[in-house]
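*Asks:* Pasting the feature list from TrEMBL:
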DOMAIN    9-214  domain 'Lon N-terminal'
BINDING   Gly374, Pro375, Pro376, Gly377, Val378, Gly379, Lys380, Thr381  ATP binding site
DOMAIN    613-802  domain 'Lon proteolytic'
ACT_SITE  Ser709  active site
ACT_SITE  Lys752  active site
Amino acid sequence: MEQLPQSTLPILTIRDSVLFPGAYMRIAVGRESSLRLVQDSLWDAFHRSLDSAQIKPVLLGVFTEHGLKENHTLGQVGTVARIIQLQRSRSNQTFDYSMLIQALARVSIVEVTQTDPFLEATVQLEKDTFDGKTKVPLQQLISQVSSGLSLGKSMQLIAPRVQNDPNIASKLSVWLDMLAAHIQASAAEKQMVLNAINVIHRLELLWAMLQHHKGKGAGQRLTIKPQPMTAAAALRDTDDNAKANDDDDDVRSLEKKILALKPHLSDETFHMAIREHRRLKRMNANQPEHHVILTYLEFFCALPWANADTDAESISSSPSPSSLDLSAVQAQLNKDHYGMQKVKSRLVEYMAVRNLTMHNPKTRTKGLILCLVGPPGVGKTSLAQSIATATNRTLQRLALGGVSDESEIRGHRKTYIGAMPGNVLVALQRAGVSNPLIVLDEIDKLGVKGHSANNAVAHALLEVLDPHQNDSFKDHYLNVPFDLSRVMFVATANSLDTIPRPLLDRMEIVHIEGYTTVEKLAIAEQYIVPRQVTDHGLTAAPLEFTTEALEYVISHYTREAGVRDLQRKIGSICRHVAVQVVNGQPPVEVISVEMVQDVLGQETVRNDVALRAGVPGVSTGLAWSSAGGSILFVEASAVTSTSSRDASAPLPIQLTLTGTLGECMKESAQLAVTWLKVHLPALHPVDFTAVSEFHVHFPEGATPKDGPSAGVAIVCALVSVVTQLVVPVDLAMTGEITLRGVVLPVGGITQKVHAAARAGISRVLLPLANRKDGDSVHASVPSVELIYVQTIADVLQIVFGLPTHSKDDAKIVTSSSSTSSSPRRTSRL
């Protein structure tokens, strides 16, 4: 270092070591003052220098402490050093720092400018002096020092030659500092060498130290400790040493952890862990398998072999029937969710049974597997969170959507490169307890339906969910049994169709239906609005939504089974008000319908039933999918032939179907046309001789459609177009048809009825065989009248007023009537 003007530098003090110019040193920062030095002064400066276009070294002064910690003094001379590497790692709740520095030149303290929280001082550069006067020839003295030390070949080769060398002073200074940095001597002796500004004095000190140690050691040479000579080597060597020390500490720590776990492990598991630990101790840290075994044992010890949520265990296992406060559990569920009485009742029942049986090993209830099924946005995952809170369990979530690899569940065998444990055990490790609540989210979306990989994942989940197997679940990575019986599993799904049957049999299905408008209004008032107002920082100026405004948002801007879109719309209004508050405008305190229209703009939901129905050839059907129920329009047209023909020979009627239909739906349309040609003339005068083609279209052609439940709606659309009778706009229908005109039961009744209610439909035709489903949903949607039919003739009588073949054959039943064979209508419930 050529020059260093007087400048103020942070001072780092070290003990039991002296840093010489040109040497490298890795320092683990531990003392409070040193930590403050790094955090307050060096960390940001070092990383700013790395990010700048022109890298400027970050400098600090390094001085050695001498004497006791309570009464220490700093060396007369220290060094100015630059930071080469500065790292930090998290340890518990704090950071550990380490840095690699290189000393550049000698400096001395001119004035101490700061002592708290760390030392700071003005330093000046101490340049080498050289007078060349020695008691013996200089070259002879150099040779004596060189021969008196056990120098490596590299140091012997670079010993300076005095003759004809104009740079002997600088070369000799570097050589002496290098020797002093690596000889085995006390810190006080090395400090004397560092204090020697005169190079010749420094050489004589080293020679005197050599003679002193030779006298004490009976003529033995003073040895040199092998040390790295370059920055790259210093980095590599110090990192390796630190790693070796860390590994030794880890190995000793693992042994203590394994012994502490012994009371909670089976003999087989404990002996396996000890065996692996012994292998680890015998291995060199540089062997690849050393890291594999170390990682394995760290994961093994991190698993909750003994830990459990004590509150959950005490609730579940107390022998006293009165120890469980079911009202508190019910209150927690009611606090977090509106409605869902069936789900809440089932959970309370489970908690009661578990409380009565957990203390008895013979009747102990093992891990409960609930499967919450419903459309998106109805609160399946958040309900699982409420269950965890009500049962005092730690919550962990496993996203199964798209998982097609068995190893995601069971893990990889640890012999593979990059092997990892399965997600089930990883969730337990994260939870830190053996009895958490694990949410198996989107269990219906495992890989690809019918794919062999999907079957493998399902089979892996069987072992996890089966109460008779999961007390000895064996992860491929862990390779020893682990008890999952205390885990409470809750799965979520949008549809049951894609869940493999064996997996479905292990779960208890709890359906969560879509919300009605009344329920959405209550959820918005009690949950969504308060939460959105708080999340958007509007608590200072209370913001209220009128009931009319919320109803307007629900009916004109959302059409969904859940409440996610409703939450987004209310959030948009809150953001609009937040902008007004920040801009200093008078904030709106009450959100009205007019305010909703101004913020949300044009209505996105219109009454399609009133717009599309009400003309011949259009009927309203009902459909459902994993996203919930919806209305489905069926449009039919009859194409007549204008060519001359023989009236006694009717033309064959072609059928054209459009709207992205599946095979099952196409077959339903073919059945409808055949039934129409055979049976309709007996019910109503109709002439098919002029009809050459029927065209049946299902709007929203980009959406794939399939299933048999549109059969009744197709028949009504075709009858409407040939008779020019109009299907009432307040009527929707669903049901499968047969060639004989029987209406068969279909699925998704609950979702379909809810969809009809959202669309403003007041009457729904359902198959008589679905009466049980209809009666169960009617209480939640009393505004919809449910009419049950058994044949197509019954349907046509209700829709168009057409007569049936025989009054004795009619099976028309409403939601409040008996199953009498005589057709009758009752008032709306």
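In case you wondered, yes, glycine gets a Cβ from its N, Cα and C as well.
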*Asks:* Between Gly374 (ATP binding site) and Lys752 (active site), what is the CA-CA distance rounded to a whole number of Å?
*Replies:* 13
*Asks:* Within the same chain, and leaving aside Gly374, Pro375, Pro376, Gly377, Val378, Gly379, Lys380, Thr381, name every residue whose CB is within 8 angstroms of the centroid of the CB atoms belonging to the recorded ATP site, in sequence order.
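*Replies:* Those within range, site residues removed, are Leu372, Thr492, Asn494, Ile512, Ala561, Gly562.
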*Asks:* If we count other C-beta atoms within 10 Å, could you say which of the binding-site residues Pro375, Gly377, Gly379 has the fewest?
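*Replies:* Comparing Cβ neighbours within 10 Å for the binding-site residues Pro375, Gly377, Gly379, Gly377 has the fewest.
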*Asks:* On a count of neighbouring CB atoms within 10 A, which of the recorded positions Lys380, Lys752 is highest?
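*Replies:* Most Cβ neighbours within 10 Å: Lys752.
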*Asks:* Looking at the binding-site residues Pro375, Pro376, Gly377, Val378, which has the shortest Cα distance to Lys752 (active site)?
*Replies:* Pro375
*Asks:* What is the Cβ neighbour count of Gly374 (ATP binding site) at a 10 Å cut-off, with all protein chains included?
*Replies:* 26
*Asks:* In this structure, which of the recorded positions Thr381, Ser709 has the fewest other Cβ atoms within 10 Å of its Cβ?
*Replies:* Thr381
*Asks:* Least buried of the binding-site residues Pro376, Val378, going by other Cβ atoms within 10 Å?
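*Replies:* Each of the binding-site residues Pro376, Val378 was scored; lowest Cβ tally within 10 Å is Pro376.
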*Asks:* Using the alpha carbons only, what distance in Å do you get between Val378 (ATP binding site) and Ser709 (active site) once rounded?
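*Replies:* Cα-Cα, rounded: 25 Å.
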*Asks:* Measure from the CA atom of Gly377 (ATP binding site) to the CA atom of Ser709 (active site) and give the result in Å, rounded to a whole number.
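*Replies:* Rounded to a whole number, the Cα-Cα distance is 25 Å.
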*Asks:* Mean pLDDT over the domain 'Lon N-terminal' (9-214): what is the value?
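*Replies:* Overall, the domain 'Lon N-terminal' (9-214) comes to a mean pLDDT of 76.
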